[in-house]
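Chemist: For reference, the structure I am asking about is given below.
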Amino acid sequence: MISRFFRHLFEALKSLKRNGWMTVAAVSSVMITLTLVAIFASVIFNTAKLATDIENNVRVVVYIRKDVEDNSQTIEKEGQTVTNNDYHKVYDSLKNMSTVKSVTFSSKEEQYEKLTEIMGDNWKIFEGDANPLYDAYIVEANAPNDVKTIAEDAKKIEGVSEVQDGGANTERLFKLASFIRVWGLGIAALLIFIAVFLISNTIRITIISRSREIQIMRLVGAKNSYIRGPFLLEGAFIGLLGAIAPSVLVFIVYQIVYQSVNKSLVGQNLSMISPDLFSPLMIALLFVIGVFIGSLGSGISMRRFLKI
């Protein structure tokens, strides 16, 4: 069994070398196909991840007017410290909503610090200026469906300047994810079909060049599985070789994109898929797809031209 495998392996490698240019064309086709598959898969999976993150961040941001001190029990008035009659009016109105899970205060100073962390040196141009941000309440909803209701009710509360919710963004992101998924998978399927076709032609040339040898093998009683072996290995090798470059690109490029993009998402409680999880799974998937389309192309040629 082992000796037969190595014999098939040797025949497959010899055939790949013999049909050099066709092998290069088939490997290049697989490489381009898998590279584009990796790109589409990265976009599809991360878009779905971001859409899920947004949906899970079932919250509304309620900004307080600058002339309202809702989170302070005392205020400065005419040089004196007096009791704040507006204390927690907005907070209590939000907290008393039946659809609200929690309400958390976020001062404009805290928001300024977060923006400084996210923007880095770009935010330094505003140093020395008055803080343009607003105090806000972060309202967490009991369920995603409650977000719009909370946002509408919050707009009616006196002292509220603006209300933001992720409903529209989530809906747009889901539409984008659906669009990318449909067209991305369609294009990937077309590319895989082209790769299978080229591999099939490469194997066909090998079959034609060895047709007499194959006929003799059949006459002396060689089993179909024995005849198929070298050709299936040849197709698998083409797929395997074509998966190497896309896998290297995934490992390097995804790390760079993650480090560049993800830090701007963290401030919004969003995140791309971690490279430690995504890269190994994507690389394994590329090799599996490569071997599959290589073997499939080989199988199609054998079925069509050998009739075995």
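Glycine is no exception: its Cβ is also placed from the backbone N, Cα and C atoms.
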Chemist: So, in Swiss-Prot, are MET22 and GLY235 both on one side of the membrane?
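Modeler: According to Swiss-Prot, which assigns topological domains, MET22 and GLY235 fall on the same side of the membrane.
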Chemist: Counting by DSSP secondary structure, give me helix, strand and coil numbers for the topological domain 'Extracellular' (258-276).
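Modeler: Breakdown, helix to coil: 11 helix, 0 strand, 8 coil.
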Chemist: Mean pLDDT for the topological domain 'Cytoplasmic' (1-24), as a whole number?
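Modeler: Here the predicted model's pLDDT, averaged over the topological domain 'Cytoplasmic' (1-24), is 61.
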